[in-house]
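Per TrEMBL, the feature domain 'Amino acid transporter transmembrane' maps to 46-224, 227-372. Residues annotated as transmembrane segment in TrEMBL: 42-63, 88-109, 129-150, 251-272, 292-309, 316-341, 353-375.
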Amino acid sequence: STQQDLVMKSYQKFNQKPNGEYTIYKEINHHVRNDKHDFVPVFYRILLTFIACLSCYSVHLLLRSAGVVGIRAYEQLGFRAFGHPGKILAAVIITLHNIGAMSSYLFIVKYELPLVIQAFLGQTSSSEQWFMNGNYLIIIVTACIILPLAMMKHLGIFNIACPLEVFGNYSLNADIPEDTCIAKFFTINQETAYTIPILAFAFVCHPEVLPIYTELMSTSTVHIQYIFVENTEAELLHTYNKVDPLDTLILCVRLAVLVAVTLTVPVVLFPIRRALLQLLFPGKPFHWLRHISIAVCLLFAVNLLVILVPNIRDIFGITGATTAPTLIFILPGLFYIRIIPTDQEPMNCRSKIQAACFTALGFMFMTMSLTFIGLDWMSGEKRNLGGH
């Protein structure tokens with residue numbers, strides 16, 4: 001097809017040798033022979049379904065535990081299950097996990113914002129000016145945009161207005177006849193205007209489905225090799241610089257990604273601060289100095305991490321290998337075993353045995369992941385595992 005011809009011509013352009021010969025087919029044969037383990041769609045689908053089912057079961061365990069004790073805070077569930085050590089563990093895990101998320105967002109700012117500035121200036125290659133340095137740019141973005149949002153007492157502009165909640169609050173404060181006490185399933189007021197924008201903000205990654213679907217419609221093993229193996233750079237959008245660094249569409253995508261990740265950082269910071277406040281200052285009233293100081297310290301630590309760590313893959317790897325299994329597998333299972341009373345479910349009942357196996361599975365995942373990451377670091381090999 002025409003689309004496939006354009007793709008093949010682009011790849012030929014990238015792989016052209018000085019003597020005019022193309023090595024594209026040699027590379028295809030090399031990939032097909034030596035990298036079959038990188039293209040295992042059946043195994044990937046099974047693994048994806050397996051993780052999705054485990055995540056649903058994790059949510060089930062959390063909701064059952066929270067329903068028994070009437071607690072909705074993760075840290076308080078840890079306190080109810082294991083006392084103060086459980087509360088500390090939950091707070092630390094949440095903090096580390098969200099710091100990893102914040103770092104990944106700022107990594108995107110660090111690598112994409114210089115390219116946006118370069119495109120606006122009409123330059124096709126990077127320069128050595130200070131405003132093209134990603135480290136300086138993340139400090140400026142943090143100080144001018146993220147920190148002011150993080151210092152807010154409540155992220156009101158990010159709250160989702162619930163029509164049922166608004167109606168419920170009105171019902172409690174007004175004298176309403178008994179025959180009218182029926183929930184309204186459709187309510188419009190001035191706060192409803194926030195609902196659709198916030199819900200839309202939660203789906204910022206969904207536009208990626210379209211180009212992925214387009215690439216995979218009539219694909220082959222060869223096509224997949226070129227999409228996901230060596231020709232894809234660590235920072236995905238950087239790959240498009242080979243075609244046209246000043247392309248308007250790619251510039252719009254970069255701007256959209258930058259706005260999304262920049263505004264997500266203060267949203268992620270709020271649960272970290274809440275966990276630290278419950279850990280360090282339990283029962284204390286709100287105080288602006290504590291509120292702002294924690295935000296400044298967290299942003300300073302995250303900026304330092306982003307400046308010093310050379311690759312976003314390392315942050316994703318360590319965070320995904322430690323905090324993610326703990327939050328998804330280990331803690332929900334332990335909370336369920338400890339919180340559900342033995343008179344309701346004995347320790348030898350099927351549900352608690354399943355929760356124990358679920359927790360053991362989390363420890364196994366963590367051990368395997370850390371082992372593989374350690375072996376990769378010791379081997380010193382540099383692999384392109386994707387960026388964003």
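Residue numbers in this text run from 1 along the chain shown.
Including glycine, each Cβ sits where the backbone N, Cα and C put it.
Long-range contacts of the transmembrane segment (353-375) within its own chain (CB-CB distance under 8 A, at least 6 residues past either end) are made by residues 54, 57-58, 61, 317-318, 320-322, 325-326, 328-330, 332-334, 336-337. When the stretches 42-63, 88-109, 129-150, 292-309, 316-341 are ranked by Cβ pairs under 8 Å to the transmembrane segment (251-272), first place goes to 88-109. Using a Cβ-Cβ cut-off under 8 Å and counting only residues 6 or more beyond its ends in the same chain, the transmembrane segment (88-109) has close neighbours at 74-75, 77-79, 82, 134, 137-138, 141-142, 257-258, 261-262, 264-265, 268-269, 271-272, 275-276, 278-279, 298, 301-303, 305-306, 309, 312, 315-316, 318-319, 322-324, 326-327, 331, 388. Taking every listed stretch (42-63, 129-150, 316-341) in turn, the largest tally of C-beta pairs under 8 A with the transmembrane segment (292-309) is reached by 129-150. Away from its own ends, the transmembrane segment (316-341) comes close to residues 54-55, 58-59, 61-62, 64-65, 68-69, 74, 77-78, 80-82, 89-90, 93-94, 96-97, 100-101, 104, 347, 351-352, 355-356, 358-359, 361-363, 365-366, 369-370, 373 of its chain (Cβ-Cβ under 8 Å, at least six residues beyond either end). The domain 'Amino acid transporter transmembrane' (227-372): residue composition by secondary structure is 114 helix, 0 strand, 32 coil, according to DSSP.
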